[in-house]
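Features reported for this protein in Swiss-Prot:
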type	residues	note
TOPO_DOM	1-18	topological domain 'Intravirion'
TRANSMEM	19-39	transmembrane segment
TOPO_DOM	40-568	topological domain 'Virion surface'
CARBOHYD	ASN44	N-linked glycosylation site
CARBOHYD	ASN111	N-linked glycosylation site
DISULFID	CYS162-CYS186	disulfide bond
DISULFID	CYS176-CYS237	disulfide bond
REGION	224-229	region 'Involved in neuraminidase activity'
DISULFID	CYS228-CYS241	disulfide bond
CARBOHYD	ASN268	N-linked glycosylation site
CARBOHYD	ASN280	N-linked glycosylation site
DISULFID	CYS334-CYS455	disulfide bond
DISULFID	CYS366-CYS376	disulfide bond
CARBOHYD	ASN382	N-linked glycosylation site
DISULFID	CYS449-CYS459	disulfide bond
CARBOHYD	ASN513	N-linked glycosylation site
DISULFID	CYS531-CYS542	disulfide bond
Amino acid sequence: MSGAEGNTNKRTFRAVFRTLIILITLTILALSAAILYEVTHTSNGSESNNQVFDPTDTLNAITGNIKSMIALLNQILYNAAIALPLKIDSTESVLLAAIKDLQFSNPASQNCSSGGNLLNDALYINGINQYLLSNSFAGTVGLGPLLNIPSFIPSATAPGGCTRIPSFSLTKTHWCYSHNVILAGCADSKASNQYLAMGIVEQSSADFPFFRTMRTLYLSDGINRKSCSIVAIPGGCALYCYVATKTEQEDYAATTPSELRLTFYYYNETLVERTLTIPNVTGNWATLNPAVGSGVYHLGYLAFPVYGGLIQNSAAWNSQFGSYFLPQNPAVQCSGSAEQQINTAKGSYVVNWFSGRLIQSAVLVCPLSDQLTDQCRVVLFNNSETMMGAEGRLYTIGGDLYYYQRSSSWWTASLLYKINTDFSQGLPPLIEAQWVPTYLVPRPGAQPCSAGNFCPANCITGVYADVWPMNNPFPAGSSGVNPNYLFGGAFLWADVARVNPTFYMASATQYKNTTGFPNSNQKAAYTSTTCFQNTGSKKIYCLFIIEMGSSLMGEFQIVPFLREVIIT
C-alpha cells in the first residue's frame, strides 16, 4: 500500500468513525428523551389514581439504561480506536508478505510495472518511516558496532574517478538510490554520468538487514545531470536533476534557469524522462537546483526539496525580501544590539558571491499520475520560519512531514523543521515550517561561520549532514517541544575542515552517544541517515551513507554503514 493510499484510508476511516459516534450519541439522546417521556406519562397517570409518586424507581431505570448504553459506547470506541487499527496493520503485513511469497502480480498499473518482486521483507515493512521510540522514552541509546553488509553503492574504479552527492529514499515497499559519477576529478562542473538503483531490504542469515539491489540504471548519454534528488514511488523511482552547462557562480548570475529534468524508472525497466517547464520559475529564479536529499511521495504528489537564487525585484523576491528567521541559542550571548542582529539576519539571505541573489528554499510539487510534469509548481518556504536557502531533504515519518535544511548560513547546528502545511487541500501559496530546536551537531565551515557560531553573519559555507528523528518532537496535545526528543545521524566533527566523520545519537542539548573512526583526520563530506525497525525482533537500525575520502580510487568514495541502535 502506498503512503498516499494509506493516508486516504486513514482519513476515510476517521470520517466513518466520527459519523458513527455522532449517530450513537443522537440515538442515546433520543432514547433518553423517549424514556423520560414514558416515565413522566406513566407517573401522571399514577398520580391521578393513587396521588402518590416515588421518583426513585424512575431514576434508577433511566440510570441503568444510560449505563448500559455507555458501556456499549466504550466497547465501540475501544474496537474502533485500538483493536481495529491494530488488526488492519496486522492484516496489511500478512497480505504484503503473501504477495512477496507469490512473486507475481497482474501488470494493472499505468506503467505496467509488476510490484510483486519489489517488496521489502515483511519484518521491516511496518518499521519504515515510523517513529521508532516512544515520546516518553527516558532510557539510554547507543550505537552497536558496524555490521558487515554487502555495499549496494558502486565506487570509482580509476584513480581519477569520483562518486559524489548520494540521495537515498526508503518506503514500505522498496528503496531508491542515486549518485553522480564524475569522470575526472570531483569538481561540480565536470562532465558526469548518473547512477540509479532500486532494491529491497532483506533479512540476512546473520539476523540483521541488508540492501538487495534489484535494478540499476546508468545514465550515460552526454547530459551532465547534477545535484539530483530521488524519490521512491509506486513501482519504481523518480529522479529530479538540473543540467549543468556552466559553473555555479555563472548559474546564479544568469536570468534563465538551467534545464531541469525529471526521470521515471520502473521495476519493469520502463524509462520515461521529461524536461520540466514550470510556470512560476521563469522571471523569478536565476537558478533552481534540486537539493540533493531525497524527496517524498505524499498524497499523490511528488515533492522534491529545491533551492536557488531569486532575481532582484521579481515577484518572488518581493514576497520574501526582508523576511528573516532568527533562532537563538540560550547558551550563547551575541554581541551587538537586537536591532543590529535583526538587520544582519535579514541580510544573510542575499549573497554577493552569487550576484546578489536572494538564496531561497522551496519545494517542487508534481502530481504523479501519468507523469503530468506540465502541472509541476514551485512553492516557497516562508523565510520568517526558515534559514537562507540550501540543500535539504524531505521526510514522511509517522504520517508527519519534515524538512532538513543544510546549515549553509550562520547557524551551525543541525536544522530540522516540521512542515505544518496541509497538502490535501491543494497547493498552498507558502510552506509553513516549525523549527525543531536543537543546539548540537555543528558542521565545519569557513570563518566567521565555523562550527560553534550561533550569531547572525553573512555566510555561505558548511556541508550536508541530514538527521533522523527517533521520536516526535511535537507530540499531539503538547504545548511545546518534547523534552525526550532524540535524533541521530552522522556529521563531521571539526571546526573548519571536512574531516572526522562521527556517528551519534543526541537530544537537543546533549550527545547520548558518539562513535568515530580511529583517524580523526579522515577526510569526508556529505552524510545521509535513514533509520528503521525490525518489527519482529524490535531491533532498530540506522543506515549512514557517507562520502569518505579516498587515497586510492578517486577523491571520494560513497560508503553505506549499518549500525544497530542499542536501547537500554
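Counting begins at 1 with the first residue displayed.
Note: Cβ is positioned from N, Cα and C throughout, glycine not excepted.
Bear in mind that the values here come from a model prediction, so they are computed numbers and not experimental data.
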Exercise for the section: In whole Å, note down how far the CA of CYS542 (disulfide bond) lies from the CA of CYS228 (disulfide bond). Expected result: 23
Problem - Nearest of the disulfide-bonded residues (CYS334, CYS366, CYS449, CYS459, CYS531) to CYS176 (disulfide bond) - Cα to Cα - result: CYS531
Exercise for the section: If we count other C-beta atoms within 10 Å, could you say which of the disulfide-bonded residues CYS162, CYS186, CYS228, CYS237 has the fewest? Expected result: CYS186
Completion exercise
As a whole number of Å, the Cα atom of CYS186 (disulfide bond) is distant from the Cα atom of CYS241 (disulfide bond) by 18
Handout entry: Model confidence over the topological domain 'Virion surface' (40-568) (mean pLDDT, whole number)
Key = 90
Exercise for the section: Sorry to bug you, but what's the C-alpha spacing from CYS531 (disulfide bond) to CYS366 (disulfide bond), rounded to the closest Å? Expected result: 27
Completion exercise
Sequence-ordered list of residues in the chain of CYS542 (disulfide bond) that lie 6 or more positions away and have a Cβ within less than 8 Å of its Cβ, or none, is LEU143, TRP468, GLY488, PHE503, THR529, THR530, CYS531, LEU562, ARG563, VAL565
Handout entry: Whole-number Å value for how far ASN382 (N-linked glycosylation site) lies from CYS162 (disulfide bond) (Cα to Cα)
Key = 36
Exercise for the section: Could you check which of these recorded positions, ASN280, CYS334, CYS376, ASN382, CYS455, sit within 10 Å of CYS449 (disulfide bond), going Cα to Cα? Expected result: CYS455
Practice task
For ASN280 (N-linked glycosylation site), just count the other CB atoms lying within 10 A of its CB, please.
Solution key: 15
Practice task
Please tell me which one of the recorded positions listed here (ASN268, CYS334, CYS376, ASN382, CYS459) sits closest to CYS241 (disulfide bond), measuring Cα to Cα?
Solution key: CYS376
Exercise for the section: Go ahead and report the DSSP secondary structure tallies for the region 'Involved in neuraminidase activity' (224-229): helix first, then strand, then coil. Expected result: 0 helix, 5 strand, 1 coil
Problem - Residue pair CYS455 (disulfide bond), ASN382 (N-linked glycosylation site) - Cα distance, angstrom, rounded - result: 21
Exercise for the section: Could you say which of the disulfide-bonded residues CYS376, CYS455, CYS459, CYS531 has its Cβ with the most other Cβ atoms inside 10 Å? Expected result: CYS531
Problem - Nearest recorded site to ASN513 (N-linked glycosylation site) by CA-CA distance, among recorded positions CYS237, ASN268, CYS334, CYS376 - result: CYS334
Completion exercise
Cβ atoms other than its own within 10 Å of the Cβ of ASN268 (N-linked glycosylation site), all chains, total 17
